[in-house]
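Asks: Below you will find the structure I want to go over with you.
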Amino acid sequence: MQHYLIRFNVNMAKKKSDAPQHTSVVNETSLAFFEKYINNPSPTGFEWKGQELWLEYLKPYIDTHYVDNYGTAVGIINPKADYKVVIEAHADEISWFVNYITNDGLIYVIRNGGSDHQIAPSKRVNIHTDNGVVKAVFGWPAIHTRLGGDKEEAPTLKNIFLDCGCTSKEEVEKLGIHVGCVITYEDEFMVLNDRYYVGRALDNRAGGFMIAEVARLLKENNVKLPFGLYIVNAVQEEIGLRGAEMIAHKIKPNVAIVTDVTHDTQTPMINKITQGDLACGKGPVVSYAPAVQNNLNKLLIESAQKAGIPFQRQASSRSTGTDTDAFAYSNDGVPSALISLPLRYMHTTVEMIHKEDVDNVIRLIYESLLNIQAGQDFRYIK
Ligand SMILES: [Zn+2]
């Protein structure tokens, strides 16, 4: 709604500039990369193809890079600098594992990350095998055959199953499918009403995209940072922040700014009393949580205010549930903060994010970096 009004104002009468004007960042080339990156499967523990795509996009904007044993990718600007600042997102996509193949050729699955059993029935999937992708569908009994029972059964891990068109276990195995093959949905990227990006696992490949865009902006604006910048696309967040734990130990950063998604709470069946009041289109979300270092958080907020970037606030008890926790509690304690992107329908295949929020998260990370000094001491008491 606001976006429409702003655009109208800009076109019709430039003088009415009370409302903050939106600054676009994502361009045609970067959007083409984003689409390709989202459509590529990147299951937790099997992220390397996505990491290759990401590095390929990032390389023109960094001095050097490396990839660790489990696939976390790190692009570096000023690799020789002592003071190290991390900007981080996670690269992995929730998925399923083949767990059990019946003699009739049906396949039962287990989760790889927080995959949602409720959305599985009637979805089309890609089973990743050594011989390439094999197609299958999550079957579900017809409404006709379910009627007459005393209750409707809800989908659970015990009753959802994949059908790949085979009638025996042997036939399934001949396709290259075995226990441990990973499974992703086939749903792809789209733009909705010229306002939202929609796709599967925008959580958190949108984050990987945004930190790469920060590197692009730094390069294009010829910014010389006074510290080393580590642009980190970590693996295995969805099963417990594992990639971030590993790489935080390796980099030993002085500061970490993490970006991930958070819940938009404007759609039905979400309780604002417990989940907070956050909306797509109203800007990046800064978090209050013990793992978030308050002086670093203040720097983010002041950066947003100075640059006229809208932002929202969120509180988390105990942990943020993001890689922020992994960085904060690594090494001797790393000043860390979180910039979240509001998202609708998390862990479904139709995750939605607002285009302007994407631009604004990129801008907020970028502006915050410009305000960090080499050697900056964030301690509360010196
Ligand atoms: Zn997630």
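Keep in mind that glycine also has a Cβ here, set from the backbone N, Cα and C atoms.
Curation plays no part in TrEMBL annotations; they are all automatic predictions.
The following feature annotations were taken from TrEMBL:
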type	residues	note
ACT_SITE	GLU237	active site, proton acceptor
BINDING	HIS90, ASP203, ASP260	Zn(2+) 1 binding site
BINDING	ASP203, GLU238, HIS347	Zn(2+) 2 binding site
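Buried or exposed, and what's around them? Tell me for each listed feature.
Replies: Within 10 Å of the C-beta of GLU237 (active site, proton acceptor) there are 28 other C-beta atoms, taking all protein chains into account.
In sequence order, ILE94, ASP260, VAL261, LEU343, MET346, HIS347, GLU351 are the residues near ASP203 (Zn(2+) 1 binding site), counting only same-chain partners six or more apart with C-beta under 8 A. In the three-state DSSP scheme, ASP203 (Zn(2+) 1 binding site) is classed as helix.
For the recorded site, HIS347 (Zn(2+) 2 binding site), the DSSP three-state label reads coil.
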Asks: So which of the binding-site residues ASP203, GLU238, ASP260 sit close to ligand 1, that is, with a CB under 6 Å from an atom of it?
Replies: ASP203, GLU238
Asks: Roughly how many angstrom lie between the C-alpha atoms of HIS90 (Zn(2+) 1 binding site) and GLU237 (active site, proton acceptor)?
Replies: 6
Asks: So if I draw a 10 Å sphere around the Cβ of GLU238 (Zn(2+) 2 binding site), how many other Cβ atoms end up inside it?
Replies: 25
Asks: Within a 10 Å radius around the Cβ, which one of these binding-site residues has the most neighbouring Cβ atoms: HIS90, HIS347?
Replies: HIS90
Asks: Looking only at Cβ atoms, how many others are within 10 Å of the one on ASP260 (Zn(2+) 1 binding site)?
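Replies: A count of 24.
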